[in-house]
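Here it is: the structure, laid out below.
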Amino acid sequence: MSASRSVLLIIGGGIAAYKVLEVIRRLKDRGIAARCILTRAGEQFVTPLAVSSLAGERCFTDLFSLTDEADIGHIQLSRSTDLVVVAPATADLIAKMANGHADDLASTALLATDKRVLIAPAMNPRMWQHPATRRNMAQLERDGILVVGPNSGAMAERGENGPGRMAEPPEILAAIELALAGDKPGGQRAIGFLGRLPGGNHAAAGGALAGRHVLITSGPTHEPIDPVRYIANRSSGKQGHAIAAAAAAAGARVTLVSGPVSLPDPAGVETVHVESAREMLAAVEAALPADLAIFAAAVADWRVADAAPEKMKKDGGALRPLSLVENPDILATVAQRTGGRPGFVVGFAAETQNVIDYARAKLARKGCDLIVANDVGGTGVMGGDANTVHLVTPDGVETWPTLPKEEVASRLVAHLARQIAGKAE
Ligand SMILES: Cc1cc2nc3c(=O)[nH]c(=O)nc-3n(C[C@H](O)[C@H](O)[C@H](O)COP(=O)(O)O)c2cc1C
């Protein structure tokens, strides 16, 4: 395997095995090599030929194969990788892992590995909720196994609904990135735990940000005109809140400074509620120091110079003109601090034209380390559920495909965890 990162992918005997073919393809796109083990039951759902063709090398199926043992033994197979991934993780494989069985190649490799293990459970809701599976999952949690999914929804079996659907390939890929980012240089393991990613799904977290304080702003600000009226913008806070949840899932202590939004506070995150830009700056400064600061809020550039203390009346006359003054620039204020600047500062740029050019200029002007630029011109991004972002740094621009905001969040967190780990080296 020539790629710099690699996973050993164990494919169990569930109907969701076909989705794992997509995971193998996407791993290759990301430069992550996949070596595959297919269980005997797994072979009923996808063929070794399909798996080998996509992985670019033969897949392994048999514990007692003389040729395989001479070629690469089962112990080496389980260790010559950065991460072991089980998808679909059947009830049977989960039971074997929880009880230390080693009666086929998959379970033997899982018992013999010295690498972190991420599982993507997939099964009928009754099987998932059965006390035996609950016990086995609790054991895996104690063992530090990482988990992505399952999701809730309609099952392949007609009329069945509930938790047990395997996480979708993008969710599994994001979890793999998080788990790989959690490995410290030199092959030492970061703390593994069962966490939750945004979207209400059980999810994996590699502890990639364990021990870090991450400060995030989110949502719009409201700038008062009088006690009942204000100037606002269309930001929903969905992207910033998703990043806060993803950072918490990656093990960070997270402070979220949120403008007025109609979203619940993310679980496991300390959320500070503010209204105006000036309140937001004060809350941000109070939350420092931080290892990483991500300014995703859409802060109003201007406020009304002399907001009326009482409700303004029509009284048959014209409204007096509103005079506006500039708000403090939260991103520049924090990025340009001489003492107590966060180790890594990320700004967001919402633009309706010349997105990348404006973002480059903003990066230089504000003094931050990275700008996440997005085109909000008539695409429903503000308030919508998907986002197309460009990561702009002094070194260049990386453009991501249009993704659900939760996936943008988990990818961004994995990306930033790698940046921070790189800086620390
Ligand atoms: C059509 C069909 C679909 C199945 N889907 C699942 C599934 O999604 N999850 C699961 O835990 N078991 C499922 N099973 C049962 C497993 O295939 C069976 O428990 C098998 O022994 C698992 O082997 P493995 O864990 O070694 O892959 C299914 C069986 C059949 C016949």
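Just so you know, glycine gets a Cβ as well, placed from its N, Cα and C.
What TrEMBL lists as region 'Phosphopantothenoylcysteine decarboxylase' is 1-213. The domain 'Flavoprotein' annotation in TrEMBL covers 6-175. If you look up TrEMBL, you'll see 209-417 marked as domain 'DNA/pantothenate metabolism flavoprotein C-terminal'. Sequence annotations record features per position, and here TrEMBL assigns region 'Phosphopantothenate--cysteine ligase' to 214-425. Summarising the annotation, TrEMBL assigns CTP binding site to D301, K311, P328, D329, I330, L331, F348, K362, K366.
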For D301 (CTP binding site), name the DSSP secondary structure in the helix/strand/coil scheme.
coil
Tally every other Cβ atom lying within 10 Å of the Cβ atom of K366 (CTP binding site).
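Neighbour count, Cβ to Cβ under the 10 Å cut-off: 21.
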For P328 (CTP binding site), what is the secondary structure by DSSP, using just helix, strand and coil?
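It is coil.
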What kind of secondary structure is F348 (CTP binding site) part of, going by DSSP in three states?
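Going by the DSSP assignment, F348 (CTP binding site) falls within a strand, counted as strand.
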Check each residue in the chain of P328 (CTP binding site) that is at least six apart in sequence and keep those whose C-beta is under 8 Å from its C-beta; list them in sequence order.
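Once residues fewer than 6 apart are set aside, P328 (CTP binding site) is near A277, R278, L281.
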Are there residues of the same chain, six or more positions away from I330 (CTP binding site), whose CB falls under 8 angstroms from its CB, and which are they?
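When sequence neighbours closer than 6 are ignored, I330 (CTP binding site) has T217, A277, M280, L281, V284, F295, A297, V299 within Cβ distance under 8 Å.
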